[in-house]
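> Pasting a structure here, questions to come.
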């Protein structure tokens, strides 16, 4: 419940969404989780309203034996309950659902709790609560384990069954806490040593937390049943006339659910290979739905005279009734749209702050007995349910960024990049080895080519030397022939032909050798060009090898820079998101506070202006009427004094009888006058005059209230309108003795019949 306009709005990353099922986040439903045929309708205009169902328990053996009449008549098809005060007086009340004595546990769950459970699975907070007189079946409806007969399982067990059927084991998490409110202290039912657990409210978001309570993560239904059995064994219970196992504490089961909105698992290695920086941007951050389900089994209200309790149990009953009274006050204030909600009067109302007037979807089941013996308790329970139906919650969906999942995804992405870098580096090393191997092969080929070239060069040198020797020998022979020419002049004619032939042969031989030399020179040039090409290839290979080394070094530096940049981006993103969220919360809080204060001041200004004009007219009329009443009151007092002093003298005087009659007529006239004021002015306006700064107006107004309080008919209405609280405040704030005296008398008149002795 929210105590102010601030608490009705959330400052976290919440967004109010329509409660229709189609607009919520799309969550897969298992085939086992089927919709019930008839549940509370969400198509109403006030879909956030608290849904209330009534369940009537069967008659007990004692009620059958004593043959008590029934005060309850059910009309399930019309969803109405008729409460019969007697045979000729009855009242009819409409509820969201009406269950007869034969209604099954499954039908009660599907109609009351299942819509709330489905909302919790969709990311909304939810509350299911049982309220009623002790012994009417609240614990049976909510906390029945059904170990022997599964059909008797209560709302707690069936709700957990549905939740388990819809959770994804890999990504969704569920945990529970089980607590009891005993003697206005919160105790842990799972770890009984933990007592007096504090209730802490976040000043920004208004969320209620219980630091120190045990939160256990649940893996399966068997584990939950064991924990539930442990908690039930630690809960306080006692034997009374109304119930052999009467709960002496309020039990609260808190179910925490975290659901991931990602459609695939985070540890899928194949999907991580396709993760890019754009997918890790703010638009693709993984979101988490956080919701909370409260299942509350309230202790039953009871009267000491009917329950037959004594000793320490009286103290227990006192605290139970006080907490239920505080809850009723909050429900009344919310139903009447009161600006002040007294949530801090009890730890129960602080725990249920979000359930009534907050952001949770709430269902309430009230349990009653059929017997007319407990008519007043049944009527009180039904009126509580009727008032609760007027409470409307602002249902909100809570989404948060799943930073843990994002961190895991980034870590996986960094690991993938590291492995990819290692793989690329290994590929480059393999390429380097292959290039070095090819280089060695080319160097070996070059050496072999050089060896072949040297061999050919040596062969050509030998041929050239041989030709030179032959040329020298020929020249020598020619010289010999020339020297002998003179000697052989006679033989010149004969030898000219031989000489020509010899020259011709020499020319042909020389030409042949010149051709061979030209061919060898050309071969030498080809080999030289080939060597130059090989040298260019060798230099290119060396340059490519050096470039690859530089590229590897550059890529290693880039990987290091990327790692540092990713780490820095993570830190910057976390700090920026944290600062933005804090700034957003501050701005939202400031905006809501300013809007609320502005609207409140405007409404208050208009209301005070109208009220001031009305009160000025009423003050004038009241002063005139009350002056007349005071005169009559003083004359009555003087008359009583005279009668007392002269009682011995006038006992037999018949003249006193008319005076007494006139006194009664005066008192009757005063009552008629006050009743007329009450009808014309209105009780709320008379109570407002008690806060006037004019002392005379206060005194006259409190006298009117005191006279009204003397009548039984007006007492209940004065208390309901807040008259008792206003009188107490006036008694504390005023320093005037007359005001104190008259105010004390008015409070005494109210207390005489309002609070009967237990």
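Keep in mind that glycine also has a Cβ here, set from the backbone N, Cα and C atoms.
Automatic prediction, not curation, is the source of TrEMBL annotations.
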> Pick from 636-668, 669-701, 702-734: which range does TrEMBL record as region 'Disordered'?
636-668
> Scan 1-45, 46-90 against TrEMBL and say which stretch is down as region 'Disordered'.
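From TrEMBL, the annotated region 'Disordered' range turns out to be 1-45.
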> Per DSSP, to which secondary structure element type does residue 132 (ATP binding site) belong, with helix, strand and coil as the options?
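It is in a strand.
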> Validating a neighbour-count step here. Other CB atoms within 10 A of the CB of residue 132 (ATP binding site): how many?
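Excluding its own Cβ, the number within 10 Å is 27.
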> So what sits near residue 137 (ATP binding site) in its own chain, CB-to-CB under 8 Å and at least six residues off in sequence?
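The list for residue 137 (ATP binding site) reads 55, 57, 367, given in order along the sequence.
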> With DSSP as the reference, give the number of residues of the repeat 'ARM' (681-723) in helix, strand and coil.
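Helix/strand/coil tally for the repeat 'ARM' (681-723): 33 helix, 0 strand, 10 coil.
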> CB neighbours of residue 136 (ATP binding site) within 10 A?
26
> Over the span of the repeat 'ARM' (722-754), how high is the average pLDDT in this prediction?
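Value for the repeat 'ARM' (722-754), mean pLDDT as a whole number: 80.
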